[in-house]
Structure formats: C-alpha cells, structure tokens
Amino acid sequence: MAKAPKARDAKDLKQRLTDQQYHVTQEAGTERAFTGKYWDHKEDGTYACVVCGTELFDSDTKFESGSGWPSFYDVVAEGNVELRQDNSLGMQRTEVVCGECGAHLGHLFNDGPNPTGKRYCINSAALNFEDEDDRDE
C-alpha cells in the first residue's frame, strides 16, 4: 500500500514555486514539449523533486526519446516515486508522482530502452538538478 503524501500548504507552494512548477506538480499539468529546462540537458548529476527535494532520477538513466521531455529508463530508488492509474483525457496512462510528497511528475510508458524497457516521461518543471560535482563537495 502506498504511503500517504505529506500535507502541503498551497499558499507556501505558490510562493516557493513558479506558476509553471505549481501547475505541473499540484494540478497535474504538462509543459509543452521541447520547452522545459531539462529536455536536452546532458550534465552528470541527479534530478530531484522540485517540491520536496527527494532524489528521483540519475543522469546515467536519462536518454533521448525524441518526445521533447526529459526521459529516464529507471528511478534512483523504488520508493522515491509512486505509480498511479491515470484515465484522464480519454486515455489510460500510468502517472508518475513523487513518493514523498505526491507531486505530479509525468507519465510512465513501456517503450523505453534496455535494461528496463521503461520510459519515465517527466516534466522539467517538476525537477531540480544537482550537478555531480556539487554532490561530491
């Protein structure tokens, strides 16, 4: 059974996050393809939840999917994301949310590369990037 996300104060989040970050993470929005900060980002490091800072994806699992969104074939740790059924917009998809705070991140598709065959299609607005060099200090 999935753990309940921590309660978040909407007023605080609206002050801390940009309008786009709030829309994506709190209202399950989607940024336009090829517009996000990280869709073509190639530095080594870790991508974390913009809301709570939970580490989600490592740059070693990022790949170019052609979709216009950051795409990863695996997560940093299994419990750091949660998968939910999403039947919105007349489609059946798997929503990816932060396992710690419940923020909407994007969707999971089964058309990714080996070794997992998965494509975590994630909105840049839901992520913060921590450079590998900064982590070592």
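Start at 1 and count along the chain as shown; that gives each residue its number.
A Cβ is built for glycine as well, from the same backbone N, Cα and C atoms used for every other residue.
Pulled from TrEMBL:
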DOMAIN    10-132  domain 'MsrB'
BINDING   CYS49, CYS52, CYS98, CYS101  Zn(2+) binding site
ACT_SITE  CYS121  active site, nucleophile
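The helix, strand and coil residue counts that DSSP assigns across the domain 'MsrB' (10-132) are 29 helix, 40 strand, 54 coil. Cα separation, CYS49 (Zn(2+) binding site) to the residue listed as 'active site, nucleophile', rounded: 14 Å. Take the CB of CYS98 (Zn(2+) binding site) and look out to 10 A: across all protein chains shown you find 24 other CB atoms. With respect to CYS121 (active site, nucleophile), the closest of these binding-site residues in Cα terms is CYS98, chosen from CYS52, CYS98, CYS101. By a simple count of nearby Cβ atoms, those within 10 Å, the most crowded of the recorded positions CYS101, CYS121 is CYS121.
Each of the binding-site residues CYS49, CYS52 was scored by other CB atoms within 10 A of its CB, and the lowest score goes to CYS52.
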